[in-house]
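**Q** Per TrEMBL, the features are:
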{"type": "DOMAIN", "residues": "42-293", "note": "domain 'G-protein coupled receptors family 1 profile'"}
{"type": "TRANSMEM", "residues": "24-49", "note": "transmembrane segment"}
{"type": "TRANSMEM", "residues": "61-88", "note": "transmembrane segment"}
{"type": "TRANSMEM", "residues": "100-121", "note": "transmembrane segment"}
{"type": "TRANSMEM", "residues": "142-164", "note": "transmembrane segment"}
{"type": "TRANSMEM", "residues": "197-222", "note": "transmembrane segment"}
{"type": "TRANSMEM", "residues": "243-264", "note": "transmembrane segment"}
{"type": "TRANSMEM", "residues": "276-295", "note": "transmembrane segment"}
Amino acid sequence: WEFNGSFHQPSAFLMLGIPGLEAFHPWISIPFCALYLTALLGNCMILFIIKKTQSLHEPMYYFLCMLAVTDLGLALCTLPTTLGLFWFNLRRIGFDACLTQMYFIHILSFIESSVLLAMAFDRFIAISRPLRHPSILTKATVTKIGLAILLRGMVSLLPIPFLLKRLTYCGKTELSHSFCFHPDIMNLACADIKVNVFYGMIILLSTVGMDFIFIVLSYILIIKTVISLATKEECLKALNTCVSHICAVLVFFIPMIGLSMIHRFGKNVPPLVNTLVAYTYLIIPPALNPLIYSIKSSHIREALLKALCRKSG
C-alpha cells in the first residue's frame, strides 16, 4: 500500500479469470486465442481489402475501416492481460497501468458506438437521398466525422482516471475481470463514489445512450422510406444493405447494456454470469464484425476473392 496521510492507494490490483474454473484456464484460453486471432486477422483483412480496392472507396466502407480499427484496438487492449492470466496466471496489474487500460477500453467502446451511429446515418442518406449521397458524405465530411468521434471519446472520458485516482482504496483489490473496467475499480474504493457514479452515468447516457436512440430513429426513418418504394424487390434490396449494420449494432449494444446493468444493479448476479457478459461485450464484436461484413457484403467478398486469386496466380 502507498500511504499519504489518510489517503490509501493500492500499488496494484489483482485480476480475476473465470471464477470456479481457474484450473481449466489453459484449456479455456484456446477459444479465446481463436477469437483474438479472428479479430486481428479479420479486421486487418477488411482494412487491406478496402485500401486496395478502388471501388470500395466510398463513405460506407470508410466508416467500416473506422469500425475495423476500433475493433483492433479493443482486441489489443484486453489481449495481453487476458491471455497472460490464462497462460501464466499473471493476475497483478499496476494501479496506473490499470487506469490506462480502462481509459482506452472505454474510449474505444464509445468510439465504436459513435461509428455505428455514423454508419446508420450513412445508410439513411444512401436510401432516402441516393442521388445526393456522394455530395453529402464527401471524403472531407467523413474525415471530420471521424475526428469528431475521436475527440468526443477522448474528452468525455478524460476526467475518469483522475476521479478514480482521488479515491481512497482499502481492503479488497481483486477485480471482477481480466481487464480493468470503470465500475469495477470504482466499487473497490472505501470512499464516497457518488461523483464517479453520477459522472459515469451522465457520460454513458449522453454518448452511448444517445447514439443508440439516434440509431433506432435512423432505422425508423429508413423503414418509412423503404415502405414508400414502388416494388417489393426495391424494398428488399434497400433493406439488404442494412443487414450487416443491424447485426453489428445488436452484437455490440446488447452485451454492453447487459454489462452496465449488471455492474450497477446486479449485486446478486453470479460472478460467472458477470464474467461471461463482460467477455462477450469486449471480445465477441471485434471477432464477429469482420465475419458479418464478409458474409453479407458481396462487394467485400468479391474483392477478397480477387485478392486471393491474384496471390494464388
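The chain as shown is numbered from 1 upward.
Glycine is no exception: its Cβ is also placed from the backbone N, Cα and C atoms.
Can you tell me where each of these features sits in the structure?
**A** Long-range contacts of the transmembrane segment (24-49) within its own chain (CB-CB distance under 8 A, at least 6 residues past either end) are made by residues 17-18, 56, 64-65, 68-69, 71-72, 75-76, 79, 82-83, 85-87, 89, 279, 283-284, 286-287, 289-291, 293-294, 300, 303-304, 307.
Here the transmembrane segment (100-121) has long-range neighbours at 60, 63-64, 66-67, 70-71, 73-74, 77-78, 81, 93, 145, 149-150, 152-154, 156-157, 160-161, 164, 179-182, 185, 207-208, 211-212, 214-215, 218-219, 245, 248-249, 252-253, 256, 282, 285, meaning same-chain residues at least 6 beyond its ends whose C-beta is under 8 angstroms from one of its own.
Same-chain residues lying 6+ beyond the ends of the transmembrane segment (197-222) with a Cβ under 8 Å from its Cβ atoms: 109-110, 113-114, 116-117, 120-121, 123-124, 127-128, 152-153, 156-157, 159-160, 163, 182-183, 186, 238-239, 242, 246, 249, 253, 256, 260, 264.
Sequence-distant contacts of the transmembrane segment (243-264), counting only residues of its own chain at least 6 positions beyond either end whose CB sits under 8 Å from a CB of the stretch, comprise 67, 109, 112-113, 116, 119-120, 123, 181, 183-184, 187, 201, 204, 208, 212, 215, 219, 273-274, 277-278, 280-281, 284-285, 288-289, 292-293, 296-297.
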